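S.K.: Dropping the structure in here first, questions after.
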């Protein structure tokens, strides 16, 4: 289940880039304009898999807890889930662990995408190394324009159904919540208090796997959540705001 993106982009374009309130995102996911990388550069990254197939990204919080997006865990049971850590490839290498349980944020709303965060507990414990590391949670948001990176195994082009075997990443810049909701961009009131945005000129506005990490300053600042297609420069990628949701993660981990 990859990142949310509007498929009806022609509708938004016809409306001059304004997205109608309540228009629901559709499923798609990609890292466009990025580059292949290795897990040692993003050792907190994991592949969340359903029945052995890559489904979403996630970030290592502790030896047995993963942070991901709540929308990745809709209509699924823990028994069909596993994670792969420590590998640049979602289908091989590293280590795999089955999932013992997961919990979505109680305030998650699939219509508005508020509180789009979840934790996963695995059976067993990860052994930390150069390719498997936990990442800290942001306690405050980076400044508007701050450098950040997004990683994952998202598809490489719009509408593609295939995903790359090797981990990809893109460099982006933070767009603050207030800026993302301003008239500079097309989201308006759809940007809520539990969201933060990021974008980069010349790169797709909707990078990354759902649930995957947005990292700035060496800490996890966002969880890949959703975004609209059409005029990409006018629609940054939208992420769950880790600083705003930090206390929930800590109390439930």
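We number each residue from 1, going along the chain as drawn.
Placement of Cβ uses the backbone N, Cα and C atoms for every residue, glycine included.
Feature annotation from Swiss-Prot assigns signal peptide to 1-22. The annotation domain 'Peptidase S1' is assigned in Swiss-Prot to 31-253. Per Swiss-Prot, disulfide bond is recorded for 56-72, 180-197, 206-230. Annotation comment: Swiss-Prot describes 71, 116, 210 as active site, charge relay system, evidence class sequence analysis.
Can you walk me through where each of these features ends up in the structure?
M.R.: Around residue 72 (disulfide bond), a 10 Å sphere centred on its CB holds 29 further CB atoms from the protein chains shown.
Within 10 Å of the C-beta of residue 71 (active site, charge relay system) there are 24 other C-beta atoms, taking all protein chains into account. Classification of residue 71 (active site, charge relay system) by DSSP places it within a helix.
All protein chains considered, the CB of residue 116 (active site, charge relay system) has 32 other CB atoms within 10 Å. In the three-state DSSP scheme, residue 116 (active site, charge relay system) is classed as coil.
Mapped onto three states, the DSSP output places residue 180 (disulfide bond) in helix. Annotation for residue 180 (disulfide bond): same-chain Cβ neighbours under 8 Å, separated by at least 6 residues, are 187, 191, 195, 196, 197, 236, 238.
The Cβ neighbour count for residue 210 (active site, charge relay system), using a 10 Å radius and every protein chain shown, is 28. Mapped onto three states, the DSSP output places residue 210 (active site, charge relay system) in coil.
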S.K.: Which one of these disulfide-bonded residues has the most other Cβ atoms within 10 Å of its own Cβ: 56, 197?
M.R.: 56
S.K.: Please report how many Å separate the Cα atom of residue 71 (active site, charge relay system) from that of residue 116 (active site, charge relay system), as a whole number.
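M.R.: Counting only the Cα atoms, the answer is 6 Å.
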S.K.: How big is the Cα-to-Cα gap, in Å, between residue 116 (active site, charge relay system) and residue 72 (disulfide bond)?
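M.R.: Here the two Cα atoms lie 9 Å apart.
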S.K.: Using Cα coordinates, what distance in whole Å links residue 56 (disulfide bond) and residue 210 (active site, charge relay system)?
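M.R.: That comes out at 5 Å between the alpha carbons.
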